[in-house]
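Here the structure comes first, spelled out in structure tokens, and everything after it is commentary.
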Amino acid sequence: MAPATKRRKLKHEDESSEPDGSAADNHVDGAFPSDNDERDVNDGSMDDLELVSDNGSSTEASLEEDDEDEDIEEEEEVAIETVTKQQRVATNAQDGGKAKPHRHSDAQLQDGTYTAETFKSNVFKLQVDELLDQVKLKYSKKEASAENAMRTLKIIIEQLPSREPQLLAGAETSLKASGVAIPFPSPPPPTDVKYKFRYERPASINATGSYPLKTATRSEEGIGIDLVVTMPKAIFQEKDYLNYRYFYKRAFYLACLAAGIKKSKEHKFKLSFDCLNGNQLQPILVVRPNGNGDGDDFSNSKCRIDILLAMPEGIFPDAKLLPKANCIRPKGDDIESDNKPLTSTPFYNSTLRSEVTVTPYLKLLHSSAANCDAFQDACILGRIWLKQRGFGSGLRKGGFGNFEWAALMALLMQPNPGAGAPPLSSGYSSYQLFKGTLQFLARHDLSKKAFSLQARDVAFPKSGLAPIFFDGPRGLNILFKMTTWSYAQLHLEAKISVDTLGDVLFDQFDSIFILRTDLKRYRYDATLELPIGALGLDPTQKSYEDQLAGTCQKIYTTLIRALTDRVTALDLSLRAHSTWSVTTSRPSDDARDRLLINIATDPANANRTVDHGPSAENKQEAASFRKFWGDKSELRRFRDGSILESVVWSTKDASVSVLEHIVLYILAKHVNDGIRENAHFTYDSFAGVISSGRLQGQSGVTAFAPIMAAFTQLEKDIRELEELPLSVRHIRGADAQLRYTSVDAQQSTPASIVLQLEASARWPDDLCAIQRTKIAFLLKLSELLSASHKTYKAQVGLENPSQPSQNQAFLDITLKTGKHGVPDYAFRLRIHHDREATLLERQLKDKTLDAQSRESAALALALYSRDFLRVLSHTQTVQNLCTRHTALSPAIRLTKRWFDSHLLSPHVAPELIELLVIRTFLQPHPLARTFMCHDRLLTDAGLD
């Protein structure tokens, strides 16, 4: 048997020989489709799952895996893993923390202690290893049935006969006879088009994506296996890049594949159409198992096969597909004219270009995986990070998924002349690659300044509709599917994660990889639901898709300008497209479908009632401000003498928040008048659960201002009493009412306060005598306070009569307001004398006392520490935090109400509840801090 190190090295070489970074997985896993028809057949990247048909020839790479070999490989992997773990323990014990060379493989890293540069910590590295082991697909016998189905589909497609060129009507008729509708994009082709549609055998058929490239992960939705069919050059013409002609021919070609597979008598599958990444220009064919239990049934694999289409290189000039070019011409104008400036069509161009770059990106990812040992694991870490935050390659999932992550990471390892060293190095560990990619996303605002890789002379449109990371060698903006708001969210999430990874006290592994942040109710504070019909759009119109995209962009820019610093994030989302039958045309959206506008607010500014605009002296800016706000704008003079254009929001109707006023007004003015009548706005829905829950334009602690003012007045009045035997050192609050955390701002129970006097030798040195001295002092204080101020009513009370070592007395003080409708304020004052702790500790150390007396002393000392030390410190700390974080006080009160409603308050100390909520504010990762911390607290605690 070979030594353990050698066996591990052999296994590592086998893994590194296969390229990483799913270039497909567009539909389920969110990666981009990849073609591999031009690579060297000896490179071994698709050893088990490559399907190649070269111009209709019968050349075929084997897809079969021998079951016996599989078992041997699995046994070897287990043995290697066991030996690796044993060597890791031995090495860690012997080597300690040795310096590592700059370039190191993950296999080498396993043999040493991980520094903070290679991995955040040893524990973090162990957690990452365990996570990768759990999520990686095992490629067991279950997937063999899906691989057999792929072979069958390949054979069927290769045997499909060619179709003679025919006009549109003939093409639709011939396929309709086969029970297949052509999935034309919107707008559909004109009925009088002169070009013809034809079908020829594909240039190549490749299995691609994360499954054959060994980057697939387990998923609840199952596994998507991509089969890319590269169409032949012969079916296209030089001008097919214009006016959707390529996409019409592409749709026809896909329909021919569906008709051929459906017609097969020996093999039966369930077929349906779908849109690649939700892009209606790129329909795909989805193949599912028939469930009959025959030889073609692959239900047990939980896989789905997506048949994608790709275009060979060299058909259209690269310059015609650059972001600033125009490929959609007015009717009858297929020739560029210098006298007619045409609007650029970046999304159309990039979609068409992405059809060409399948093979180049597969080669890029293959090269990156071969040159960087940790690239594959870094791709999987990125996949997990994206999934937990709800990102995907789909247009309605943010437009940034597994392919975009892998491609971005691979490109960041490439040299960029004039820009210094690449941001990432092939010698990095998987953690370093992952963190470096996040740092790039966090530090570069690609929506404001485009990033070009080896493409200095390329011009970009100035519309600002999408971020730009332009890959010069392949001629594609890899972020073309992203919207302004999805990129802003990605940028924010990257910043949060980088800050989280920089935490020197905690590894924050759960915050990065385990906790989900894709649930809208935890990420956002307010939601506006709008029916599509309320936007003035008709889903049945030919230009509906473009109009919807334009309207969403207008809504976003309008709200961002109107809400300014009131919001920290804004998101627009629509229901994702679903598959449809191959026998029908692509269904249009329902006018009743809803657009969701999600808003994350800044608690300090969200309820501000006045917005200041430009000075009246800046005429151009003032005119723009008045035009934007309309009748709401008015010129106002402020106390500092400035005269500004301003907007003032009324707070008379407490049921409608300032935020709702702004959103509905501005959208009705700039988008559509029907929005106000059809909108459903949800914001601060728990405001009615706690008293004074919604105080518009005010701080979260405003409801406690009266009792805090009464406490301040009481402290002042006590300090002014001249006949007290001892002077007052301080009076401190020790109650939830005085730290802004009681459920009700005004309660009938007295608020506890603690008075400490100046040190004096006249205090007795006996616990019982100290308690009696306290009673005497409280009686004197009651007498003086009632005599000097008629608004006070003071009464001494006794407590703990059976425990003489504990505090025996308190003074209830009621401050009468004398105003109708204004309640009185009650306080319960206790005296703190620090000598008690010394005497109690002496009793505990006295071994001559019996067990019961020592136990009584221990209990008294614990109560003393709680009531006179910890509660005071806790109250002061919470006071400061509630003042600093506007939403903290309402969040604590709401959480306490939840505990009350579930009859849990008697079992959980109020201070513990407060600390749980505070922890959510001080350590909000992986979410940003918003009003909805209460919901997230219950989720983190498993109570939701």
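Cβ atoms here come from the backbone N, Cα and C positions, even for glycine.
Keep in mind that TrEMBL annotations are predicted by a computer and have not been checked by a curator.
The compositional bias 'Basic residues' annotation in TrEMBL covers 1-10.
If you look up TrEMBL, you'll see 1-108 marked as region 'Disordered'.
The compositional bias 'Acidic residues' feature in TrEMBL is assigned to 35-51 (among others).
Among the features that TrEMBL reports, compositional bias 'Acidic residues' is placed at 62-79 (among others).
As annotated by TrEMBL, domain 'Nrap protein' applies to 225-369 (among others). Summarising model confidence by region, the domain 'Nrap protein' (225-369) averages a pLDDT of 89.
According to TrEMBL, the feature domain 'Nrap protein' maps to 374-515 (among others). When DSSP labels each residue, the domain 'Nrap protein' (374-515) comes out as 65 helix, 10 strand, 67 coil, counted as helix, strand and coil in that order.
According to TrEMBL, the feature domain 'Nrap protein' maps to 522-671 (among others).
Per TrEMBL, domain 'Nrap protein' is recorded for 691-883 (among others).
The domain 'Nrap protein' annotation in TrEMBL covers 885-928 (among others). A Cβ distance under 8 Å defines the sequence-distant neighbours of the domain 'Nrap protein' (885-928), meaning residues of its chain 6+ beyond its ends; these are 388-389, 492-493, 496-497, 499-500, 503, 506, 508, 511-512, 515, 517, 522-523, 568-569, 600, 603-604, 686, 689-690, 693, 699-701, 704, 736, 739-743, 871, 874, 878, 934, 936-938, 940-941, 943.
Secondary structure of the domain 'Nrap protein' (522-671) per DSSP (helix as H, G, I; strand as E, B; remaining residues coil): 56 helix, 40 strand, 54 coil. Each residue of the domain 'Nrap protein' (225-369) gets a DSSP state, and the totals for helix, strand and coil are 55 helix, 26 strand, 64 coil.
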